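Enquirer: Before we start, here is the structure in question, set down as structure tokens.
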Amino acid sequence: MWATRGLAVALALSVLPDSRALRPGDCEVCISYLGRFYQDLKDRDVTFSPATIEEELIKFCREARGKENRLCYYIGATDDAATKIINEVSKPLAHHIPVEKICEKLKKKDSQICELKYDKQIDLSTVDLKKLRVKELKKILDDWGEMCKGCAEKSDYIRKINELMPKYAPKAASARTDL
């Protein structure tokens, strides 16, 4: 009787999907960033050795911002990183292992890596800036690397965004009719 139950449990566990496997939408930052990095290496004809890839990844991460910089921090490719698991990226990439598999292995080492998601992009050509929150308006300026000194009210942020839009989002600025 116990053997039958044990067999039933073993069968049930073998049929259920592995919870560690990546689902669609998992590790989106990891997969896209490492995919771009791998393509950049191929385009520049870089030698695929672990040491070279490690050096190139550190250089590539210096340009990273936002969620991609956080990914670089988690894998140890930034100067202020606490842990260093960069070899978990460089060795598999040297053997041309797909980035999805690399991210799956990184997820097992540090689950935070796959929890990173890109922020939702705001379509500036169609959005009504008056309906956005001040936090979202600040985020737009921050993404552009700008600050609004002296802005106290929502209208100040909207005015600043409208001033800078031709510089940072020229297509959106030309598409807007409320200017």
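Yeah, the Cβs are placed from backbone N, Cα and C, and that goes for glycine too.
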Enquirer: Among Tyr73, Tyr118, Tyr168, which is annotated phosphotyrosine in Swiss-Prot?
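Expert: In Swiss-Prot, Tyr73 carries the phosphotyrosine label; others show none in the record.
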Enquirer: Quick test of reading the record: Swiss-Prot lists a disulfide for Cys27. Which of Cys61, Cys72, Cys114 is on the other end?
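Expert: It is Cys114, per the disulfide annotation in Swiss-Prot.
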Enquirer: Look at each of the disulfide-bonded residues, Cys27, Cys148, and point out the one with the fewest other Cβ atoms around it within 10 Å.
Expert: Cys148
Enquirer: Could you round the CA separation between Cys151 (disulfide bond) and Tyr73 (phosphotyrosine) to a whole angstrom and send it over?
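Expert: A Cα-Cα distance of 32 Å.
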Enquirer: Let me know the most crowded of the disulfide-bonded residues, choosing from Cys30, Cys72 and counting other Cβ atoms within 10 Å.
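Expert: Counting Cβ neighbours within 10 Å, the top one is Cys30.
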Enquirer: On the three-state reduction of DSSP, what should I expect for Cys72 (disulfide bond)?
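Expert: DSSP assigns Cys72 (disulfide bond) to helix.
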Enquirer: What recorded positions in the list Cys27, Tyr73, Cys148 lie within 10 angstroms of Cys61 (disulfide bond), counting C-alpha atoms?
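Expert: Those near Cys61 (disulfide bond) - Cα within 10 Å - are Tyr73, in sequence order.
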